[in-house]
Each structure stands twice: as structure tokens, then as C-alpha cells.
């Protein structure tokens, strides 16, 4: 009985850690959109996390 409870708690903790890690990876990928946006003729569209030419409008925000 005690072993079963320990195993259930361990599985719950590991599942929570995986969810947190996946969420963090998603946030890093989202923020990466403007990371390489540098130069004299480009700009960062923060809402869409995109780097575009200064001659173009920002794309709509990603969901």
C-alpha cells in the first residue's frame, strides 16, 4: 500500500515536471522570433514575434 502511494506521487511529480519543461520550451521558442532581428532595414514585430523588413507591416499575432 505504501509503495503504491509512493509510486503514484512519483508519477505525479514527474508529470508536473514534464509539463513545466514543455511550457518553458514553448516560451523560449516564441521569444526567439525577434532574437535575431538586427540590422538597419529590419524591425521586430513583438506581437507576432516576427522580424520583418521596415518596408512591410507587421503580420497578425500568432496564436
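Glycine is treated like the rest: Cβ placed from N, Cα and C.
As written in Swiss-Prot, here are the features:
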type	residues	note
DISULFID	34-45	disulfide bond
DISULFID	37-51	disulfide bond
DISULFID	44-58	disulfide bond
SIGNAL	1-22	signal peptide
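Here the candidates are the disulfide-bonded residues 34, 37, 45. The one whose C-alpha lies nearest to that of residue 58 (disulfide bond) is 45.
Highest Cβ count within 10 Å among the disulfide-bonded residues 51, 58: 51. Between the C-alpha atoms of residue 51 (disulfide bond) and residue 34 (disulfide bond), the distance comes to 6 Å. Mapped onto three states, the DSSP output places residue 58 (disulfide bond) in coil.
Rounded to a whole number, the distance between the Cα atoms of residue 44 (disulfide bond) and residue 37 (disulfide bond) is 6 Å.
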